[in-house]
Every structure is written in structure tokens, then in C-alpha cells.
Amino acid sequence: MLFLQFLFVDVVLGGSITENVVQENISLYLMQISSYANQSWTQNLGSAWLDQLQTHSWDSESGTIIFLHAWSRGNFSNEEVTDMQLLLRVHFAELTLDVHQQASQLQFKYPFDIQVRLGCELHSRETTKSFLHVAFNGLNFLSFQHKSCVPSPEGETRAQKACDILNTYEATKEIAYYVMNDICPRLLLSLLEAGKMDLQRQVRPEVWLSSSPNLEPGRLLLACHVSGFYPKPIWVMWMRGAQEQLETKQGDILPHADGTWYLRVTLNVVAEEAAGLSCRVRHSSLRDQDIILYWGHGLSVILIALAVIVPLVLLIVLVLLCKKRCTYQGIP
């Protein structure tokens, strides 16, 4: 099969390693999703991700790479990008033909999808962990270990047949190994250097609480809103003292137009038991200073403020009235 050549072309972007990059526990992975509806219709999607941040996508209509950030090119020249896009177009054409030809032998029944995930994780400048996994219709199908194709138990006999074929393709295995253990780590470091200002950006979240009546009588749906934070990873939990409330439900992390994120976390509680609950937020921008908001705390502050301000206003009014009365009494 030729589909592994996609992985080679997608990461051979050129460029050198920047020596002053130091980044740990971050991964770069490439995704390919190829959908085969029948013998005459195929769609290929491609993307690249730096941890949870998408850096590239593939426009199958125009046959071009979409760079999603100003730094997504790394240190690659326009000529290198042009050459890579041409190679990708050729690859997808050959990939489609090759898979269709092998479909009968591998017992692939239309329609079907093939997903490929290749990447590397950087632990230090000297240590990386690489991987290449292939799925068929969303189930583990095969993987590459060192320079060999290894079938997944879920892939059954079809995966074994595919590996039997791939293991005879010495050039394909060499390409896969080279991409995982050489090109991927170098590309990862290049992106980290080119995008370090954006990747190292830290924006503190804003947090507020709200509630709404529940469909069940006597219950409240408490909501903890966390907005405007960056980067994306965050931990939010409703708490009672030091105890996490396991019924906490987290919604999807949604993007803002400025690149920051929003999250809503809810808890369904009996109204009388809402007192004493708090929402705790942990984020890299906060360092070790978690944000903790207590339910009902805002109301308590208002009551305290009213308890202080109202008597003060009454005292001022009383003083003014006394002065006014004294003034009238002094008039003959």
C-alpha cells in the first residue's frame, strides 16, 4: 500500500532544528481520514496537531496545505511548501487507486474509512517517543513498531493480511521509521521555536457563578462559568470543602474569536444543600493560586454591605435633620 507515503510527505517540510528550544512533554501528531464510499468516490482529509492545537489542515479541493497560524510554516521556505503540496496531490491520487485495488483482497466492504495517526512526543531534547496507528472504521487495525507492521487483535485476519503486504514493502517501512524517529521530532522543535510566543501565552480566566431553576421541584442547577483562558487545558470542579462533587458535569470547551476558551461546569443540587458549595478552577496561568468562588458568597457580601451602608445613610439623614431643626429654631 502507498498510504504511508502520505505520512512521509506531510512532515517532510524541511528546516533545521533550533538549538535553543527547550520543551518537555508535548506531542506533534498527524491525522489522515480517508473515506471510501464506493469504487468511484473517495475523500481524503489531513491535519496536523501540536497537542490540542491544530496547526495545519489539508484542502482536498485545491490540493493545498492550510497554515492555521502565522508560525505554522516553521522555518520552511515557499519552495519547500510548494514541493510538498505537489507531492501530496500525487500521493492522494496513488493512495486512492492502491486502496481500491487491495480492497477485495483485504475484504474491505464499501463504504469504509481508514484513519491514520502518526506522531512523536518530546520528553527532552534527547528523548522522544514515536507512534503510528492505523484504524479501520474507527477500530484499531494495525500499528508500526520499529520497522515492522503489527496487526491489532481487533483487526482480525484482515489486519494480518494488510501487515503481510506492508511488511514486504521495505521502502514504505523505511519511510515510516524515518518520519517517526527523525522528521517528526525535528518538525516538532521547529514549530515550538517558530510559535513560542503564541504557545507560551498565558491568559487568566474570568470566573462567575449562576443558577437556574431545575425541572425537579426544590432543586437548583448551579453553573460555574470560566471564560477567556489560554491555553486550553483546564480543571474545574464543584467542591464541598475539600471534597470533589462527583456529580459535576462539564460541557464542551468552546473557542472565543480571540483564541481564548470558555467552559461551563454544572451541578444539580437540592436547593437547601447549595450553601457551602464552591467552584474551584486550576489553570497554568494561575500557577498554584487556584480560583475558588463560594456559592452564596456574593449574596453575603451584599447583605453585609447593606447592613453597614443603610445605618450610615440613616445616621447622615438624622444629622442633617437635626441641623436643619436647630437652624429653624434660631430664627426669631
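Note that Cβ sites are derived from N, Cα and C of the backbone, with glycine treated the same way.
According to Swiss-Prot, CYS184 forms a disulfide bond with CYS120, chosen from CYS120, CYS279, CYS322. Of the cysteines listed (CYS163, CYS279), Swiss-Prot assigns CYS279 as the disulfide partner of CYS224. Checked against CYS279 (disulfide bond), the glycosylation sites ASN25, ASN38, ASN75 differ in C-alpha distance, with ASN25 being the nearest. Between the CA atoms of ASN38 (N-linked glycosylation site) and ASN75 (N-linked glycosylation site) there is a gap of 40 Å. The Cα atom of CYS224 (disulfide bond) lies nearest to that of ASN25, taking the recorded positions ASN25, ASN75, CYS120 as the candidates.
All protein chains included, ASN75 (N-linked glycosylation site) registers 16 other Cβ atoms within 10 Å of its own Cβ.
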